[in-house]
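Take a look at the structure below.
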Amino acid sequence: MTQDELKRLVGQAAADYVIQNVPEGAVIGVGTGSTANCFIDALAAVKSRYRGAVSSSIATTERLKSHGIKVFDLNEIESLQVYVDGADEIDAGGAMIKGGGGALTREKIVASVADTFVCIADASKRVPVLGAFPLPIEVVPMARTAIGRRVTALGGVPVLRVTKDGAPYITDNGNEIIDVKGLQIADPRGFEAQVNAWPGVVTVGLFAERGANLCLLGTENGVETIVYPAG
């Protein structure tokens, strides 16, 4: 199967998981990116079962609304039973690198209030050690260079994310993103806490403190379900 076919496979598997495990009338947390889009497309077929969704980005909001799925502000919702999102990398403990699509901060916020984080990914995203995929850090623009120096001191190579015309990429929150190459992140939880403590960092695209509870992994043999231990 192609990568796109695997994404559609896990998108449908996530919709099936929601149908089987989330009661009718609930609100679903939805991530951002091409794999999350496949979940949205599959969820649209059963949208009448649910009140709607909480979105993690402007792009996801637009896609949900295009399917007629009501979008709630997170401040309107007391709790979420499930959050479904993709990953750029996921390790054996359920820690992830996320943020390739630029929505890492809102993704982390929505994931933090969900009872269950369901990661959907193709098998290429499963790695023994995080870091081959550049680690995104969302930063307040005035702190960009200072954060870059801190990254360099740790052995990373900071690269400012830019648009096609060479201008800095601006997140939905009005900030910039540094993508860090050359890392091997043996302690994702510790590294997440370290980077998040730097002044000027909005958040780092490590999802270790709040990692995945479950991964639906698309493989040539179908969908593999991986459950991660709590904590």
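Every residue, even glycine, has its Cβ placed from backbone N, Cα and C.
Note that this is a predicted model, so its numbers are computed, not measured.
Per Swiss-Prot, active site, proton acceptor is recorded for Glu107. For Thr32, Gly33, Ser34, Thr35, Asp85, Gly86, Ala87, Asp88, Lys98, Gly99, Gly100, Gly101, Lys125, the entry in Swiss-Prot reads substrate binding site, with the evidence type sequence analysis.
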Binding-site residues near Glu107 (active site, proton acceptor): from Thr32, Ser34, Ala87, Cα within 10 Å gives Thr32
List the residues of the same chain that sit at least 6 positions away from Thr32 (substrate binding site) in sequence and have their Cβ under 8 Å from its Cβ, in sequence order, or write 'none'.
Ser56, Ser57, Ala59, Thr60, Asp85, Gly101, Gly102, Ala103, Arg106, Glu107
Row Glu107 (active site, proton acceptor), column other C-beta within 10 angstroms, all chains, value 29
Far apart in sequence but close in space: which same-chain residues, 6 or more away, have a Cβ under 8 Å from Lys125 (substrate binding site)?
Gly86, Ala87, Asp88, Glu89, Ile90, Leu217
Give the helix, strand or coil assignment DSSP yields for Ala87 (substrate binding site).
coil
Far apart in sequence but close in space: which same-chain residues, 6 or more away, have a Cβ under 8 Å from Lys98 (substrate binding site)?
Asp85, Gly86, Ala87, Asp88, Leu104, Glu107, Lys108, Pro136, Gly205, Phe207
Binding-site residues considered: Ser34, Asp85, Ala87, Gly100; fewest surrounding Cβ atoms within 10 Å belongs to Ser34
